[in-house]
Amino acid sequence: MRRLLWPLLVLAALLAVNLFFTPSFFSVEMKEGHLYGSLIDILRFGAPLILVSLGMTLVIATGGIDLSVGSVVAISGALACLRISEDGGVLSAVVLALGLCVLLGLWNGFLVAGVGIQPIIATLILMVAGRGLAQLITDGQIITVNSPSFKVIGGGYLLTVPFGILLVLVVLGVTAFLTRRLALGVLIESVGGNAEASRLAGIRSRGIVITVYAFAALCAGVAGLMIASNVSSADGNNAGLWIELDAILAVVIGGTSLAGGRFSLGGTVLGALIIQTLTTTIYSVGVPPETTLLVKALVVAAVCLVQSPKFRDKVFRRAGPRASSRPAAEEKVRVTA
Amino acid sequence: MLVVAGLAAATLTGCGGGGGGSGSGGGDGSITMGFSQVGAESGWRTANTKSVQESAKAAGITLKFSDAQQKQENQIKAIRSYIQQKVDVIAFSPVVESGWDTVLKEAKNAKIPVILTDRAVDSKDTSLYKTFLGSDFVEEGRKAGKWLVEQYKDAKDPVNIVELQGTTGSAPANDRKAGFQEVVGADPKFRIVASQTGDFTRAKGKEVMEAFLKANPDIDVLYAHNDDMGLGAIEAIEGAGKVPGKDIKIITVDAVHDGMQALADGKINYIVECSPLLGPQLMDLAKKVVKNESVPARVVTEETTFTQEQAKTALPSRKY
């Protein structure tokens, strides 16, 4: 919990900035029979990023990285919209799209664990080729679908709450249960710590690695459906573009080490929320588009610095500076979701 | 690298000088055109490609077509190969603005005229190409602004405008913003209360519009730099319980099929066309430059604007 303190503070600070510029920022009201407000927007538009980041967290925990998730997002949305525009069967389209995503994830896992290619290269293949595949599916066009039931996934509501948020809660709950209540999380961390030693200790590290890549692709697939559903159209060129970088950033802000061996799901969710809140803040406050990227970079740099115990010790020079940082590093990771 | 390019240019000069006479001076009217397209990144671009291919066929021009897949080096390769094949005229839509001098000099030395389509190059030596055929993005912005001024000419109250810009730094985004600003900026009652980039995509258009709606409770007009961002924004407006086209008036640019449909449905109020169908004009220009007739250095694509009524009539016969 202590490790999540700084990301939490940053999130609170960002929200406070909004309150200053937009006094009604925290108000959530009922409109058209559903919840409506800036906070809901942050959760709703942040939902795809949270999903992709959850998958990325487990991949990074095994010491890997998955650059292909953005392309998988595009493929998933493209295939689903193509099927729906052809015969209108939403369920079959969703199943087909997610099935293909799992296959693509298995391919990534096979390249990494089966063939032994470095993860960054193995997934770079699908990152480049996958974008092309998405464009091939959509024929370079934007496919518009008019299906109320498909619209529910990313733009609909269940019991006044945006469906996407509920979907994220379910995926988060299942992931947290599998990795923290069952042994899977420990196995993943063990593979990330030392794959060879884990294998010798009797863990099927190859199977674990393939599973996490498939899971990451599945998460990306669901995110792709959400993004496509939200605007009722598939855009093979732009859907999920650079989302892999945001996801990696969310994971890192959340305190998961890029070296693998440990992870924090709660931290990742916070990280993704910080990124989305930052984006929304930039729109609401009215930062000119030319300086948007600079503002983002400054905030991210500040977040990373403030999270570094060494940096804090140097800057704040508290009486017992080292005492505060060391236990935090050794603290057992707990799920806070 | 420079030496190689220089040698290539020298060799090509030799070849081109010999072949130029037989290639274009045939007098039988058959023209070969080499066309290098940017890529196939959008529906607009695909319609552009189709238009060029179809009108080449209709005009009896043999077309050698290549797709650069958004890469300048592919485009330079394609142009070099057209020079070697001694085509009569080269046309291309430059992926980026700079870095064309060397290859265009090679074409000039080979006496092959070059026509730029859709996008310009920043070369100082304008003799390197015959003409530039494409849309005037500033004029598109002005057209959008003029319609708005006309609509609100009797209004006394301030008009709150939000703007969804294209990709930051791209020519259409800069120019459409500037043209619009130029027209509405003349009257202080028009106030642009928020302006952000939506990257020309529906998803971003929706996300940014959601934020606009919360930060500015009183929006009268939305000006989006393309149809797709406008379509995304429509969903955001509907989600906020407002009626797009009535509570918030919407002006967009492009006139792609989905945008025209929304215009006909009354969700968009006005669309300024940015036509990809420049094929026929390109073929006319090609015939002229091959015959060595003089052409204007800048040719603007024939474009129009659409109101809701005009959209209903035009929609059935739209090609894209």
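Numbers run from 1 along the shown chain.
Backbone N, Cα and C atoms are what each Cβ position is placed from, and that goes for glycine too.
Under the heading transmembrane segment, TrEMBL lists A:35-60 (among others).
Remote same-chain partners of the transmembrane segment (A:67-85), defined as residues 6 or more beyond its termini with a Cβ less than 8 Å from a stretch Cβ, comprise 48, 52, 55-56, 92-94, 96-98, 100-101, 104-105, 108, 120, 123-131, 133-134, 137-138, 143-145, 147, 150, 216-217, 219-225, 227-229, 233-244, 247. Annotation comment: TrEMBL describes A:67-85 (among others) as transmembrane segment.
Long-range contacts of the transmembrane segment (A:91-113) within its own chain (CB-CB distance under 8 A, at least 6 residues past either end) are made by residues 64, 66, 68, 72, 75-77, 79-81, 83-84, 119, 122-123, 125-126, 130, 150, 153, 205-207, 209-218, 220-222, 224-225. TrEMBL lists A:91-113 (among others) with the feature transmembrane segment.
Annotation source TrEMBL lists transmembrane segment at A:120-137 (among others).
Beyond its flanks by at least six residues, the transmembrane segment (A:157-178) meets 30, 33-35, 40, 43-44, 47-48, 50-51, 54, 58, 184-185, 219, 222, 226, 230, 265, 269, 335, 337 of its own chain at Cβ-Cβ distances under 8 Å. Per TrEMBL, transmembrane segment is recorded for A:157-178 (among others).
Taken from TrEMBL, the feature transmembrane segment covers A:208-227 (among others).
Below 8 angstroms of C-beta separation, residues 3-4, 7, 48-50, 52-53, 55-57, 60-61, 65-74, 77-78, 127, 134, 220, 223-224, 227-228, 264, 266-272, 274-275, 300, 303-304, 307 of the same chain, each at least six residues beyond the ends of the transmembrane segment (A:239-258), sit close to that stretch. Sequence annotations record features per position, and here TrEMBL assigns transmembrane segment to A:239-258 (among others).
Here TrEMBL flags A:265-285 (among others) as transmembrane segment.
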